[in-house]
Amino acid sequence: MDPFDAGQAQRGNGSTESSGREDREGEEAQWVGVLTHAVLAADDPANLGDSAPAEGGHDQMLEEWAAEEGQNPLEDRQEAVRRVNAWNQGELNLAMLRLTSLPPLPAGLHSLDASFNRLTSLPETLPDALNSLNVNGNQLVSLPALPAGLALLDVWSNRLTSLPETLPAALEGLNVGNNQLTSLPEALPARLESLDVSVNQLTSLPETLPASLGSLDVGVNQLTSLPETLPTSLGRLYLNDNQLTSLPTGLLTQLGAAAEVVVSGNPLPQEMLMNLDTIQSTDGYAGPRVVFDLSETHEDQWEDAAVAPFPLETVAAESLPEAVADWLNGDPKEGDPEVVAKWQSFAEEPGAQQYADFLNGLRNTVNSGNEGFQQGVANDLRQAAANPQLRAQYFQLALDANESCADRRTLTWNGMQTARLIANVENGLYDNNEGVAALVDLGRVMFRLEALGGIAREKVQSLRTGGTINNVDEIEVYLAYQATLRERLGLQHIAPDMNYFYDSHLTEEDIDRAETSVRSKEATGFADYLATDWKPWDDVVLRIEPEHHATMEEKLADALEEEFPGRLKQKLVEAGLIGAEADVVADAEREFGPQVSKDIAREIKGALRDTVLNKRGLSL
């Protein structure tokens, strides 16, 4: 399950209105490319010849990628293309779009976040300038040759069985935890400072580890021994839940007093543990703090430590109609027998049994005893029984939700609630004067969820790079922001609680800052979001104000043809780039062109937004 699936669920698929909108967006993108090069040609004919093929070729490749056949229906390739086109030298964020492949990437890209998608492979060639790559939470089975300058690589929670034998020499941080690795390359990069290979199937480590290594997490593997010599730079060494029966003889003298070594969950002899306890209690001891539990025995460990990183729950297997009936019985309504009968007919659909397992697993969440939550699940089932598109979304979302803990299922359920609300929009529930006000309120909720998603991504990155917390779990961080701010931000459609808040590592200050940040972003950005970025609003306006919407589309096309060249030229003049070298102008074109187009769209679509609201006596 992808954390914060709210953004994905907002985008419909398959409707006539949606298809038409995508065509219009494609036309706008083409206008941007054509008109940009027209401006350059007017000032320096050489520029057009040098830069147009590269830019036009990239646009064409993006369009072809977005239109590829055989896509997963939940992939949001249009949003990915929008983000690539809007990229401006910072991090390119393609996270949580359920992509099965990456779009063509900008040549100058330095940082890419493509976490929590459905990628099974990466492009054979990645941008040479790439410095940071985050692809955690995917389904990668191997890695291509990596750029030489790559400094940070996060491939946590994939399906890797090996790493490239030669990793980039510039690599400083590597997180490859929660994969299926059985060994590591013998020669790790000399500049490596942080290495997380926890929750794999390693039986040994390279004899020589990088001298610069400050943090090493090899917890939850199958290690039976360690190198005799460890880097003296180590400040954090996590060896928990392996098969170690001994420790390096120089462990207490090689590492300094500021270092922490966790050895709990290993079949170490009781005598050794008692000796460690005695030595650490001696006055003048200047070695590392070694963490263990004197009371534990080998039998106390996980039976299968290599594949049990999360708290596990026992879920009794039930058929789909049985699972549905159990939830409906908690909130009975007239007509429920017919609902159960419908679900019986869906039992053979793809994903049906996984969804049944998901429903059963929800009973292990802290929310299962909450009456409002019970009613929400029951109402979900009634609505999905009558809506095949929504039901297909539920089945798809549930595929990954049973892999770990209760909080993963809760976060998945939250994403399903967002999908249900957007389905209501697509089904015309808001297509009347009274519904517009409610639609604006719903848009605010979706804006807040997207803003929280960005905050959660930044927090996860901060926790990981901070180096003080072991095994940061994105699921817990994303869910913690949602659950704690549910009441304060009016996110009433999501679950009210979570099982493992402690594992999010969030503080009250983090929560307060997040609320302040969301409200600040909303005050300055919601109006534009509603007019230009939130597709459900555009779809409803198209249906309830077709003439005004058509006029807006005409104005936008005219403005892109008539105003775009002048505005782009002014940007180039202000930057002192008229007459500059072709490659410099091409870079500026990629930076300024999308922004000019967006400014034009914001003005014209914003005017339509105000017209629709004013006509109904509403304002933002």
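Quick reminder: no glycine exception, Cβ is built from N, Cα and C everywhere.
Among the features that TrEMBL reports, active site, glycyl thioester intermediate is placed at Cys405. Marked as domain 'NEL' by TrEMBL: 319-620. The annotation region 'Disordered' is assigned in TrEMBL to 1-28.
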PLDDT averaged over every residue in the domain 'NEL' (319-620): 90
Neighbour tally for the residue listed as 'active site, glycyl thioester intermediate', based on other Cβ positions within 10 Å of its Cβ: 21
Mapped DSSP class for Cys405 (active site, glycyl thioester intermediate), helix or strand or coil: coil
